[in-house]
Structures are given as C-alpha cells and as structure tokens.
Amino acid sequence: MFSSCFWHDKKTLSDLSASNLFLCLSLGFSVFSDSCVWYGECGIASGDKRYNCEYNGPAVPLPKDGYDLVQELCPGLFFGNVSLCCDVHQLQTLKNNLELPLQFLSRCPSCFYNLINLFCELTCSPHQSEFLNATQTEPYIDPVTKQNKTSITELQYYIGETFSNAMYNACKDVEAPSSNVKALGLLCGKDPKDCNATNWIQYMFSKDNGQMSPIHGMTPMNNATKGCNESMDDATGPCSCQDCSIVCGPKPEPPSPPAPWLLLGLDAMYVIMWISYTGFLLVFFGVVFGVWCYRKRHFVSEYTPIDSNIAYSVHLRQDTGEATWCERFGEKFENALRVTFTSWGAFCVRNPRPVILFSLVVVVMCCSGLMFMKLTTNPIDLWSAPSSQARKEKEYFDAHFGPFFRVEQLIIQAPHTKPGIYSPYPSGDDVPFGPPLTKDILHQVLDLQDAVENITASYNNETIMLKDVCLIPLSPYNNNCTILSVLNYFQNSHSVLDHSIGDDFYVYADYHSHFLYCVQAPASLNDTTLLHDPCLGTFGGPVFPWLVMGGYDGDNYNNATALVITFPVQNYYNDTEKLNKALAWEEEFIKFVKNYSNPNLTISFTTERSIEDEINRESSSDASTVAISYVVMFLYISLALGHIRSASRFLVDSKISLGIAGILIVLSSVACSIGIFSYFGVSLTLIVIEVIPFLVLAVGVDNIFIIVQTYQRDERLQGETLDKQIGRILGDVAPSMFLSSFSETVAFFLGSLSTMPAVRTFSLFAAMAVFIDFLLQITCFVSLLGLDIKRQEKNRYDILCCVKGSEEISNVPHSESMLFLFFKNIYSPFLLKDWLRPIVISIFVGVLSFSIAVMNKVEIGLDQRLSMPDDSYVLEYFNSLSRFVHSGPPVYFVLEEGHNYTTLDGQNMVCGGMGCNNNSLVQQLFDAAEISSYTRVGYPPSSWLDDYFDWVKPQSSCCRVYNATEQFCNASVVDPSCVRCRPLTPEGKQRPQGEEFMRFLPMFLSDNPNPKCGKGGHAAYGSAVNFINNNTEVGATYFSSYHTVLKTSADFIDAMKKARMIANNITESMSLKEKNYRVFPYSVFYVFYEQYMTIVGDTIFNLTVSLGSIFLVTMVLLGFEMWAAVVVSATIAMILVNMFGVMWLWGISLNAVSLVNLVMSCGISVEFCSHVVRAFTISTKANRTERAQDALSHMGSSVFSGITLTKFGGIVVLAFSKSQIFQIFYFRMYLAMVLLGATHGLIFLPVLLSYIGPSVNKAKVRAAQERSKGTEREKLLFF
C-alpha cells in the first residue's frame, strides 16, 4: 500500500483546525478499530485559531445543544447517540470555515455534499484513527481547569483516490457567476483547466512535498460520493448544465464558416467578369467590323471628304420626314426653356442694380439664420439615427441603469527592464515574471497611479479631484474609487506590495505568490498563502486579470509585458454641471500624462474626451490646408476666366473681379443653405463644412465657365444689343445648367431620405446650396457679367474700374481660347477616329468589369486610427491597444421590463444554477462563451439571480436579519439577535418566491462583500437590477460579460451581429415575443457600428435614388429624350462602379464618410455628363459621330477648364494634410471622382454617343433652321 502525503499549514483555506496536516492520497487500506485522534480545542495557534486536543479514546456522545449543528453540517453522522470525535466548539469552527466554500459551491449540491463530507470526516468522524495520524504535538495547560493537555500541531490525512477523483469531477464545472470564472479558480490556486483532483486537495491542504512513502496500517477515507448529475434528495435536483458538463452533453460546436464562392478554383466574381468581358469583346468587335464592312460597300460617301454644299443637301434630303409627336413636344419644351431664359437674361443685363440688390437682400436674409446655427460634434448624433435600433437600446439602457461610465486608461510598458524569475518555496518550477511585474516597476507604477488620484482641476472656482468624479460602487459605505489596476491586488498600497514572510535564508511568500493566487481568484478575501492578504479591490469588486494586463500568452498572466490601468469616471448626459467637472478633470489628466516623465516607463493613454478633442484639433489644423486648397482654386478661376489678347490689354481683358464675384456667389449659396436650415433647427456637421463647398464650387464654377466662355466665343449679331446677346447666350446654355443643377438638387433632396444622419444632413444642405447657387448664377452673376462686359467695352481696368485705358471699343470681339481650339481641331477629331473608338470602349468596359469583380471586396467600416492626426497621442494608444489588450468591451444582455422573477418558471427561464432550464438566458450565454471564437462572447455571464440564490440560502451566513426589527444584518456583524432570513428546513432551502423573493432581494443588492460572505451583490450588481412600483417588482435587469478582443471594424461588426443573434435566440426560447418584452445586447460601441450593418443597403438605396432622380429630371429637361437620359444615367452608374474599384485598389473602406463622397460624386458626374449629352441632342450635324464631335468641341473645353483643372489644383493640396482621414477620404476619393468623371465625360461618353446616341430630333432641326434663316449660321448649323 502506498500513499502520497502532503503537509497542511495551520492557516488553510478552510481553517478547520490549527493543526498541520499531511494529506495522503492512498491506494490501499487496512481495517482498524474505531477510535478518535482528537477531541476539543486546545492551545492558541494564532489570532482566534486554535489547535485541537489530542485524544485517543472512543467517540464521545455529542451534547444535545450541538444536534442542530451536526444535522446542518454532517447529517450522515447524526445517528444513534451521536457519538463523535468533536465537540460543539469544533462543529462551530467547521461551520464558520465552510461559509465561503458554501457560497461558491452550493449551487451544485452534490459537489458541496462531497466537499463537506471530506471535512466532516476529518473533524468529527468516529473512525478518525483509520485515516488520521498525528505526527507532531506540543504540551498545553488549560488556563481554566489547569489540566495538562496535548495540542496536535501536525497530522496526516489519508484520502482514497476514488473519493478524491469523484469529488473533483463533481465540482470541476461549477461556475462563480460574479467573477466570470470557474469556482475551482478560487479554491485550487491554479487556472481551472490546470486543476485536477490531486493538486486541488494539495492546494486546500497546502502542499509541502510530493514524496511517495509506504504507509502501513491505515484505511483511507473513501466515503460514498454523489456525481454532479445525481440528485441529493427529493428536494434537490442534479446540478445544472452550466455547473455539470455531463448533464448537458457535448460542448456546443460553432458552425463552419461559409465556403468561399469559387469557380475553377478562383474567385467566382473574377471568373464571371473575365468571361463576360471576353464575350463582350468578341461580340463588340464582331459587330463593329461587320458594320464597317457593310458601310464601306454601301455608304462610302459618308466617310469620304465632302464639301459643305453636298453635306447640306444630303442632310436636307435625310430629314424630309415628319417629326413625331414626342419630337414636337420635346422641341416645344426646349423652346419654352430657351425663350424663358433668353428673356430673363436680357432683363438681368438691362437692370443689373435692382437684380444685384435683390440678390444681396435675399442672401442676407438667408444668412441671418446663421445666428441660430448649431454644430453637431457628438459622434452619436453624427453616425446614429434617433430611430435606429442601437440608439433606442442605448437610451433604454441609460434610462434604466445609468449611462456607461467614461473611460480614462493608461497602458504602461517597462521596455528597459529585464524580466524577473520567481522560485517558489520550498519547491516548484521557476515562474517568469514580465518586466512590468517586477517589484521596482510596480512601485513606480503605483506612484504614477497615486499621482493621478491627486490630480486637481478647477471648475467654477471649485477644486475637482478623481474622487469627485470617479465611479464609487459601494458609496456611501466605501468611498474608494474604482481603479482597475494590478496594484489593486495589493490594495494600492506600497506596504502590502512589500509584504513578505520568510527568514534569513528563504522567502516563503511575497508579492509573487500573492499575485499568482489573485489572478486565479480575483474575488478572494484571503489568498490562503502565508500572507493572507485580500485580492478584492479596495472599491469592493474583483479586478479581472485580463482587464489589467496585456501582452501575455494564453492565461500566463505572469508573462505580461504591459499593465493596463483604467479609471472609470461617472458619465452625466443630463447634468451639464457634473459633466463639465468630469471634462475639466480629464483635461488636467491629459496635461499631466503628457508631461509625466519616467525613463523606466513608456505610457500610452486616452480619455473619454480624447477622440473628440483630437478631431476638433485636426479640423483646426487642417483649416489652413483646406484654405490653401480653396485659394489655389480661386486663383485659377480668377485668372482662367479672362481671355488676354495682348499684354497691354491684360488689366482690361482679365476677369479677376468677375471670377471673385462668381466665387462669392458659390460661398453665398453655401451660407444661405446653412442659414435656411439653421432657421428650422437642423444641426450642422463638420462633413457639411468640409464637403459641400467643394461640391458647390464644382457645380458653380462649371456653370460660370460655360456662360463666360460661350460669350467669349459668340459674335454679336448685326443690330443686336448687349442685353439681347447675353439673353440669347443664356437661352442656349441655361437649359443645360438647369438640367445639371436641378438633377443634382432632386438627387440630393431624395438622398435626405437616408436614415444615416451624416448622409441625410449632407444631402439636405447640398441640395439647397446647389439650387441657390443656380438661382444666383442666372440672376446676380448674369447682371455682373453684363456690367463687366460694359467695363471691358469702355476700356476700363479690371478691379480698378475707375482707371481707363487708352481706347474704347464698341463691342468686345469674339475669341476662341487655346483650349477650345485644341478640343475642336485636335482632340475631338482624334478621339472619334474609327480605329480609336473601339479601343476606348473596350478599355472602359474592361475597367468596369474589373470594378464589378472587386465591388464586394471593399472593406466596410472605419479604422478609428484614421480619424486622428498623424501626431496624435491617441494613435500611440490605439497601437498599444491592438498589441497588448486581451479583452474586448463589456457587453450587457438586457432583459426588458415585464418578466416575472418571483415564480419558479420565471426564475428557471433566466438562471443558470440547479433546476434552471437548459436553454435559460444564463445557460445560453454560457454556451456562447464556450465557443467564443465564433460568438465573440469571451466569458460566462455574471448572473445576479444565481448569486442571489446562493446568498439567500439558510446554510450560508449571508442573509441575516435582526429578529426584532427584520432589518438586514450584515454577515460581519457579531450579534446574537441576528438570525437567518429563512429557516433551515427543506422548504427554507428552496428558492424564495413571491413576496419572499422581493423581500430579500434589496438586501442582497445592498450587501457589501466581506470575509464572512463573499456573495454580497452591492459591488457586482448594484446597478444591474431596476426596481419598479415602489420596489415591489423587478423591472429591467442585465447580465454582463465581455467580448473577445476586437481589433478591426470587421471584428466589431461581427461581435454586434453575433450578440444580437444570441439575444434573439434567447427571446425566442423564452417565448417573450408575445409578451411585448425581449432580450437585447448592449455595448458602448454598438451605436457607432450599427451603421455598418446596413451600410450596403444604405449605399444601394442612396445611389439608386440619385440615379433614378437624375434619369427622370434629365429625360424631362431634355425634352423627353428618354434614350439620352439612359445614356447619362448609365455613364454616371459606370463612374460610381469604378469608384468602388478605386476604393478597393486604394484601401478606402465603405462608411458614412465615403458614402457621402459617393453621393457627391454622383452629383459631380452629372456636371461631366449632362452638358455634353445636351449639346449632342441639340446638335444638327449630319450623323452621330459629327454630333458627338460638335458637342465635345463646344462643351468639352468648358467642362475641362471649369471642373477638372479647377478641382485638380485644389485636390493636390489636400495630399499634404496632416489628417489621415483627409488624405484617404478626401484627397484620394476627390481625385478619383474628378479623374473618373473627366475621363468618362470627355472620353468615354462622346465615343458612346457616336455609337448609340439618341437620333436627331427633326422638330429641333427645323426650329434651328427657322431661327438661323437668312444668316451665316444657316450653313454653320451642320458643321
């Protein structure tokens, strides 16, 4: 027979006696006669702990005043005359020492039964001598009776292997709900996964050595045990699935990830688009070649040089047919627009002063609304719609449990410190300790932590410290701030950190051993080493190791390479005064940490206000970059508008003042839009300020160039006055301007139907700004143009209009710019050559195919690091966060008001302990944590209901009341008038229901944890339960856990999706839908990331609505030219699809910012396309190719100079911004939208029109002939 024996220190976890024990796990046995080893208590060991008295006689009948105790603790020994080897005092000691294990293990009755059996046999068994062997004693003289006695200071306890394994198997799965860990983590001294039967018992009895020695003549204690799947009696059932894995079967398995969509082993979209593109090329080039051969044989004259007379006669013969009613209607609509704008333009030129004055009055009236302007900087209001699910859930959570606290956090490294090594006494493997866990560094970090606590801020002549704003869960009983720090394992005390026990040669216990215990049992009030220091934080709650350390591997917290210190600060959404105090303290905190210097520590940090502060600072620092960008564009516009014929006439022919006026009109339209909506209380956002001027400048400047350059190319007719000339010009170009501006206005107004606040606000302000800009251009700008031409005709200098040149001219001669001539004589003919057009189409369709293939690969989300300036301290914090932190944000599963917790069925639907449903709320969350890699729920939930049931059990000392007043009596109070809340009867051991449930629940939620009762719910659950109807019913409650580590936007989005999926499953399994309440998850980031769950749908909706509105408006304003509207819409759709291709290539993710830019690019694309298409539809040239060339010649130069060159100069400046978000979402996307718009509008669209453009409108041709009859224009119409 062999046994392994272990020494038991006199201050063990259970402190059953003060004797030292050798624990022996025995593999054999012999039979001994019944006799005792001890009886009664003798000498004092330390404090109130006493040794037991040696006694070798038979068991002694227990006095009757001990019957209740033995029935409560050891009912298996209550038989016959109850002869035991213990007296009443020893039984009372046993009860006191089992209180904490009872609170953690009694949720699984069979587990606790086996454990208490172990200690009952040790303390009181009448057969002690069979398995106990006293090995060391010392004399003792009783001070009362003066009798000589012997105290047992050391003994051996022989335990059968069958018993020890069965006891372990029954307890290994038991949860500790308030700590999110296995209960054995508190009782085994190891990570639960490393704990087994041997080392658990070794730890309870403090291992000294692991020697194997032969033991003769002893019978191991091998009592019968209960499995966790067995019922104790008729009143109790087996342990729950959560506490006994064999009850619930195999561990849940996550579903396998969806297989990628592959064809031929490659990405399916790539293969499909490649095949489609190849098929298109074959068909397209086949058709082109066939048509070319056909025309070569039958219509040679159309492609050979011909003179004007032949062309004219041919065209006349081709158009002798009658116009359709649709063509006639379109011509009448077109003519109505022309006549209206012609009359209006002439009126504005004849009456410039009233028009300008009226425009100024309207602008001033609109801009007066700026006095009511409100700027929205709150990220929640920017990105989350008030009607969104996450916003409503956040408001529900805040209303019932209070707003989520503000987070101030430090991440600390010790890069210049070497790791330490801890050698346990007296034996054991060396344990490495990471650099920040060396004692010297811990002292320095504690100094820093103390300094943070002493930071003072001033607000309204009041001094603010951390204690004035921090989270204090146990107030007013405990006024310590919550500080989540590894130093709280040492009660934030230098002396506790230095506490050690040893002699001149060895250190038996110090901060190393205390740390190793606390990371496994953070809620412990006694570390069971020789130190016996508490692990519970000074604020009354546990400090979970995964929250305060980082950079470790697995669960080896001792290898941590970083410390994380979090200071939760109260949040006050509805109390501005208190919120401003917190903000003031945070400001001083930022200054302090920035200026803190310690060569041994590297610190990265953040506060709740940091991101908003840095965004505001970024906006201020980028103001200069944006200003330079606009100055570059303004200079270009001012200089490019004029057409200088000679150096001597530079100041006369320049149009700097007109350019500045045009720019001011653009800015005025933006200001008017802001002012109008400010009147109606619509808040402004930074996106509006940064994006809309760019958009309106593109639209407005394009229109300015079209008007001015059309005038410069026009020749005044004989007898025509200036007002009639400008009126005629406006009649020609204003319908095109109206087409583009009205299309964009309608598209943007419909875009405001979006539920995304940022997109909605942008769309509203943009629509109004574009429309007002158009109105000001056809009124104020036309009048200013007339005045500027008169100045030029009078030979007065630009800007210095009082200074006159040497000579006057009757009218300004028409001129054609170099750019116009380039487009007319070189670019247009070259682009539309027969051999080049198919190449252009094939290239653009190829790019489109590629963009379609990668559209679904554009990432969704926004890396929060991009929102920070390059030099921001928050960037360093984000980098440290992704490197070191091992836990994600907390997540709360909220059970809404309406559930009945006072009935057994209602309790079973929620709880996770014995008797609870296998699909209860807590059990489903527990199952989710078992597959955390899939669900992203990292830890089992903290369950107030399960801890309440453990707390209220009559076997524990937690729930007590004063028998006279029925008021709550804390377990630490020593008062004979304090009695159990519930009787120690079978009925009393059942869960409380009805009024009894509500009677004791407030006591549980107000009870602070203490050494006698670690289950007090004040710290852990003080805010988790909402009472209603004068505290007579339970309202909304939550069950908290933590997400796994979340680093990317995809991680955050997936975590929210999975949490909602889990909550929906719980709601369905609890059959709550028909009861009008539900379970929903809440985490602080949900309100920001919910937009990404619908961003694809929002994008499709916004862009589809924009394209649809552009199609309808274009069709109507082009005189119901449906095919022309289709061509415009298709080209804009191509630009948008190609924008997605650029986003994928350039690493631009899809989010609210990029969606705003996509909506804007839709508007800007109208400018690139609509003018060219309208010019094509009104052209009277002989065929599509010539009409496309004519349209490109006349509109291409204005579009190129008005949008492309203007924007290109301003965009290049944005590349030098310090802001990453500017560089990516503005520089890159703006550059892409301008280049794509220009290439599609000026290259692809003319070629497309030359192939499939709408046929000529016969009614419009005849109308043009009538207007030009008898003039030189008659023949020029067809060239």
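Every residue gets a Cβ built from N, Cα and C, even glycine.
Which of 105-125, 504-524, 1050-1070, 1197-1217 counts as transmembrane segment depends on TrEMBL, and there it is 1197-1217. Summed and averaged per residue, pLDDT over the domain 'SSD' (622-787) gives 82.
With a cut-off of 8 Å on Cβ pairs spaced 6 or more residues apart, the transmembrane segment (729-750) and the transmembrane segment (1229-1252) reach fewer than 3 such pairs and are scored as not touching. Contact between the transmembrane segment (261-294) and the transmembrane segment (835-855) is supported: at least 3 Cβ pairs lie under 8 Å, counting only residues 6 or more apart in sequence. Ranked by number of Cβ pairs under 8 Å to the transmembrane segment (1125-1146), the listed stretches 835-855, 1100-1118, 1152-1176, 1229-1252 are led by 1229-1252. The stretch from 1100-1118, 1152-1176, 1229-1252 that makes the most Cβ contacts under 8 Å with the transmembrane segment (835-855) is 1229-1252. Long-range neighbours of the transmembrane segment (1229-1252) within the same chain, counting only residues 6 or more positions beyond its ends whose Cβ lies under 8 Å from a Cβ of the stretch, are 694, 828, 831-832, 837, 840-841, 844, 1123, 1127, 1131, 1134-1135, 1138-1139, 1142-1143, 1146, 1148, 1154, 1157, 1160-1161, 1164-1165, 1167-1169, 1172-1173, 1176, 1184-1185, 1187-1189, 1191-1192, 1196, 1199-1200, 1203-1204, 1207-1208, 1211, 1214.
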